[in-house]
Amino acid sequence: CDNAKGLKAFYDAIKYGPNHLMVFGGVCATVTSIIAESLKGWNLVQLSFAATTPELADKKKYPYFFRTVPSDNAVNPAILKLLKYYHWKRVGTLTQDLPRFSEVRNDLTGVLYGEDIEISDTESFSDDPCTSVKKLKGNDVRIILGQFDEEMAVKVFCCAYDEEMYGSKYLWIIPGWYENLWWESWINSSQCLSKNLLAAMEGYIGVDFEPLSSKTSKTISGRTPQQYEKEYNAKRGDGQSSKFHGYAYDGIWVIAKTLQRAMKYLNATTKHQKIEDFNYTNHKLGKIFLDAMNETNFFGVTGQVVFRNGERMGTIKFTQFQERKEVKVGEYNAVADTLEINNTVIRFQGLEPPKDKTIIQEELRKISLPLYSILSALTILGMIMASAFLFFNIKNRNQKLIKMSSPYMNNLIILGGMLSYASIFLFGLDGSFVSEKTFETLCTVRTWILTVGYTTAFGAMFAKTWRVHAIFKNVKMKKKIIKDQKLLVIVGGMLLIDLCILICWQVVDPLRRTVEKYNMEPDPAGRDISIRPILEHCENTHMTIWLGIVYAYKGLLMLFGCFLAWETRNVSIPALNDSKYIGMSVYNVGIMCIIGAAVSFLTRDQPNVQFCIVALVIIFCSTITLCLVFVPKLITLRTNPDAATQNRRFQFTQNQKKEDSKTSTSVTSVNQASTSRLEGLQSENHRLRMKITELDKDLEEVTMQLQDTPEKTTYIKQNHYQDLNDILSIRNFTDSKDGEKAILKNHLDQNPPAQWGSSDPSRTSKDPIEDINSPEHIQRRLSLQLPILHHAYLPSIGGVDASCASPCVSPSASPRHRHVPPSFRVMVSGL
């Protein structure tokens, strides 16, 4: 616009022309604003049909200015209505640095203020909008309100394509007054491909005033808007169409109706004044024209024509860019403040309108109910098995096999296993089953149950193994019975340590429910939302320290069990020797716990996998431990219950008798060649007999303790031989060096003993050294002493190599011809 020419024409008309009642026109914003500001001095009312600049809405500055075309700010109430229609409460603005667009943005801020709609980001640009577009994306703006011209619009959508701010998750609302196919004029000025630009533009909504009303009602002129448009196009011919023609047409009617009302007012109030009497200094007539203009209200071709503070309350249309063309999808009536959206025409690229922000739906990662059911069923089966073992142990508690294996300790092992099983039910209860407060309580309860169950099971197992170790590794121990009460005290001590740790843990740093949030994930169902998985944990401030204390204590307990298993590995009575099964239990539990802890830590973000691993480890460890302890006993009790409580009897085959005969011949031959050594060996034999006498006393005490009987006897009669063989056994019975055996045998042959069972009264008063060669004493030593001669004794009395054969214990064989075994192991019949 040429401001100078426009102003000159206006002032020439005022100065040289007739008196003008009103000023109609004003298209260029700069010229119109200058003229409108000066009209107050001439009492002239101005009516514009094309000036849309928001600046002219200031009634303090432009009190005599009216316009039939809505202001650029008129779109803001329509935008507000659209945002409310789709429940968008969070938007962002992108504005070109020009006053025309800045004013619209500022007015929009005022319109949205107090309407519970947040402008989360306000960006502006001069030439390159890409930085601003990137910031909008960074602030998660999904609904963008743009104010820029066509040239900048091309750049904006190119940047939006590069930043992937288009499609089903985004919506652009921009001015709708662009020319048809506006992008084709500016595509060459950008570095964006046409298809990419169109892809980014697809679905944007344009907002602009409605050139002609879409209603079919007759207007003040007697024509419908459609009839008027047809007549206008017919008279226009090939001339260029203007979108303001309808507002110019209605503007003429506004002036006519204003003058009509003014004339009626003058006729009704005074007959001496007419509108022809108006001049630029007649403020009274000027005020009458101004009031008459404000009262305008009729239906024109552009809709209902009403002014509010000089601003046209018109109709705002919404168009959507669909497949390279703009389609009207709705309109807003400012007079009635109503919005009509054609839902059959408007379409979004997603299944639903885009969200105003990334909807973050927190989703608790919970344990699958089918998985929990399956593992619970396995746990119940394990508890049923443990109950069966408990029934078996109680029912057969008086059986020799079960009685020797400490039934009370076995009950504690079963109890510990069942507590471990029970903890699985608690590990599977999360926020989907219980409340937050209950979950926090379960954090503590399940830790206590699992810890106490573990210690009860393995503490009882190791306690009864310790009793076997205490008896068999201290052969000089006086008669002292280790009863179950003492073992219960030991298990109680272990549990007391557990309770001290757990109580300190609970008091100082209790377990709390914590929620861990993970990175957002797309919705599996394809909805325009993001899923933020959250996971519940039982944690505290110093979780690592407390777990380290518990693991250290349990580790020491396992090492102690391994030590006991190793020390009692040579106990030959199956009912007492659980070392192999303890070792297997410790190995399985240790390996599974290490693997389970590692896998559980690595899968802490996958509750189903974590719960499955933890549950299977507990089930496996508890089941294996119980089976290793009770299944062998159950099988033995059903097949051969006596074998588990007896030692190997002294049995010799016919082949061994032949070997004894050969050995006797060899001894005679060697004896003839070694007569010179006989006297020295007899002296040594005398010393050894004295030693044997001393060991007999210790033997009786140990035997009494192993049998757990209070009887105190000084010797064991020959008719008890068979019963004692059921308890004690001789292992690794071997011969000594050939030369020494031969000499000893020769000496025995030269001094034949009395017959078995005979009693020589003359010997009763002899020296005790001679007494020990009596048949009673020899039988007593062979049946009781030989099994107890452990490797700990034999070195002190000149033990020999442990490669000899088993001794002959046949009653018909002469005791003097039996070979002394060098090493024996002690077998225990009961605790």
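Cβ atoms are placed via backbone N, Cα and C, with glycine included.
Residues or ranges marked as transmembrane segment in TrEMBL: 369-392 (among others). Outside the transmembrane segment (369-392), and at least 6 residues removed from its termini, the chain residues within Cβ reach (under 8 Å) are 410-411, 414, 417-418, 421-422, 424-425, 428, 608, 611-612, 615-616, 619, 622-623, 626, 630, 634.
Residues or ranges marked as domain 'G-protein coupled receptors family 3 profile' by TrEMBL: 371-653.
Sequence-remote contacts of a segment are chain residues at least 6 beyond its ends whose Cβ falls under 8 Å from one of its Cβ atoms, and for the transmembrane segment (412-433) they are 364, 366-367, 372, 375-376, 379, 382-383, 386-387, 389-390, 393, 439, 442, 445-446, 449-450, 452-461, 491, 536, 607, 611, 614-615, 618-619, 621-622, 625-626, 629. Marked as transmembrane segment by TrEMBL: 412-433 (among others).
Away from its own ends, the transmembrane segment (445-466) comes close to residues 405-406, 409-410, 412-413, 415-420, 422-423, 426-427, 487, 490-491, 494-495, 498, 502, 511, 538, 550, 554, 557-558, 560-561, 564-565, 568, 578-579, 582, 585, 589, 618, 622, 625, 629, 831 of its chain (Cβ-Cβ under 8 Å, at least six residues beyond either end). Residues or ranges marked as transmembrane segment by TrEMBL: 445-466 (among others).
Sequence-distant contacts of the transmembrane segment (487-508) (same chain, at least 6 residues past either end, Cβ-Cβ under 8 Å): 406, 408-409, 412, 444, 447-448, 451-452, 455-456, 459-460, 463-464, 466-467, 546, 549-550, 553, 557. According to TrEMBL, the feature transmembrane segment maps to 487-508 (among others).
Per TrEMBL, transmembrane segment is recorded for 545-566 (among others).
Residues 458, 558, 561-562, 565, 609-610, 613-614, 616-617, 620-621, 624-625 of the same chain lie 6 or more positions beyond the ends of the transmembrane segment (586-602) yet place their CB under 8 Å from a CB of it. Annotation comment: TrEMBL describes 586-602 (among others) as transmembrane segment.
Remote same-chain partners of the transmembrane segment (608-631), defined as residues 6 or more beyond its termini with a Cβ less than 8 Å from a stretch Cβ, comprise 367-368, 371-372, 375, 378-379, 382, 385-386, 389, 392-393, 410, 413-414, 417, 420-421, 423-424, 427-428, 450, 457-458, 461, 578, 581, 584-585, 588-589, 592-593, 595-596, 599-600. Annotation comment: TrEMBL describes 608-631 (among others) as transmembrane segment.
Positions annotated as region 'Disordered' by TrEMBL: 653-683 (among others).
Taken from TrEMBL, the feature compositional bias 'Polar residues' covers 663-677 (among others).
The feature region 'Disordered' is assigned by TrEMBL to 749-771 (among others).
Summarising the annotation, TrEMBL assigns compositional bias 'Polar residues' to 752-762 (among others).
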